[in-house]
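Noted in Swiss-Prot for the protein shown:
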- 70-90: transmembrane segment (TRANSMEM)
- 96-116: transmembrane segment (TRANSMEM)
- 132-152: transmembrane segment (TRANSMEM)
- 176-196: transmembrane segment (TRANSMEM)
- 321-341: transmembrane segment (TRANSMEM)
- 356-376: transmembrane segment (TRANSMEM)
- 408-428: transmembrane segment (TRANSMEM)
Amino acid sequence: MKRFFENLFSQTERSVLNTGKKVGAGIAAGEWKNTEWGYPIATQEVIFLAKVFQPQHVKRHPYHIVRGTIAPLAVTLPLAFFVLNYFGVISSKIGFVIALSSFIGGLTIWAISIVFDSLYDQQHTYEVKRGLVMGMMMFIISEIMFFFSFFWSYFYISLSPNIAIGCVWPPYGLTVYSYMGLPLLNTVLLLLSGAILTDGYTILTEQKAVHENNEKVIAVEEAFTNLMNLYTKKQSINTLTFVDERREKFFAKNDQNAEKKEIAISAGVKELRDLDWDLYFFENPQNMEPNYKAPTDLSVIEYALITIFLKKRNKVIKTRLYFTLVCAVVFLFCQGYEYYFAPFSMNDGIYGSLFFLLTGFHGFHVLVGSILIGIITIRFIVGNFDLLNVGTKFQIFKNKSTGFACTLFYWHFVDIVWIFLYIVIYWWGSR
């Protein structure tokens, strides 16, 4: 068992995961500083190292080997159905609902498999993360080329309208949307969502608890700073690292037999409960019981500080993710409302075709971006980001938030495309 943990901690690309077992305090999950995988403490839980999820196989190369999955078929077959349905080859409302559900489910399965390979199977090395980011960048560039061709068509006909449409743009007799109203609201929604999502990612990568300078946050930050200084001091004066020292202490206390381990678990839970009481009395001194003795074990205080910090930080980030999702859903609703009550249709000449093609293609990208943001939100809820050190925003290939970063890139791409759409179609095209 000891050799297993020595091998486990020697691999810097590994991150210890939460197994959902509350086993008390006094457990060192890893060095919070100078490691790639940070400090893996899950919200309201302490990590039990003996139950760490082990990878299914050892990866002896840095390259990306994917496992078999039905996700690509679940995504591409609905796209083929949408094309056939558009041209009238297949016409079925039930089939459309099934295809849309399959598309969303396929993207979800795909995302889950990527998360599994990254966190649970530990297959995402530096090269793999770089490949994922570069793949997202190439995908965004290809989508830019798509929109470039559509905008080219729009400018080709609008800058030199022919006699078939009355030599004017928009075509004579066609009622078009004003750049005020719903288009302006959609612009505000997308820009606001991009700013909120960026702020959430900044909080995650810069390890901020919250922006507001209230007394509780300041107290937590001061205590956290003192704890970090203590770690640094202990590491500098001891031959063993703080992690090794704490791990050895844990095994000395808890690796004797099952009965002693259960006793240690109960004691740890009791210490945490006592700490909760101590925090309560700190905020309500008038209720302090006489001769009350607060816990002084560093591991208990360590656990409490980490838990408070992660709870505050992740709560703020999840709130921003919720707001981003709300903005995206409202945008899609407004777009659908605009389509339903549009004074023209796709069959009303070149203007209607280009309008619905450009805005509809963008709306599809908003839907995909909403799914990606929803997946990141679910990952926050289940505790995938309950790490202190996820890396900075300038360490995309090394940090533990590569998926969040790629989602942020994609959402900014959606924002920028909409700004061009708003200026070209709604503002310039309606003048």
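Note: Cβ is positioned from N, Cα and C throughout, glycine not excepted.
From a predicted model like this one, the values you see are computed outputs, not experimental measurements.
Contact between the transmembrane segment (96-116) and the transmembrane segment (356-376) holds: at least three of their C-beta pairs are under 8 Å, each pair 6 or more apart in sequence. Counted over residue pairs 6 or more apart, the CB atoms of the transmembrane segment (408-428) and the transmembrane segment (132-152) come under 8 Å in at least three pairs, which marks the two as touching. Looking at which of 70-90, 132-152, 176-196, 356-376 has the most CB pairs under 8 Å to the transmembrane segment (321-341), the answer is the stretch 176-196.
Taking pairs at least six residues apart, the transmembrane segment (356-376) and the transmembrane segment (132-152) share three or more Cβ pairs below 8 Å and count as touching. Beyond the ends of the transmembrane segment (132-152), by six or more residues, the same chain brings 64, 114, 124, 354, 357-358, 361-362, 365, 396-397, 402, 405-406, 409-410, 413, 417, 420, 424 to within a C-beta distance below 8 angstroms of the stretch.
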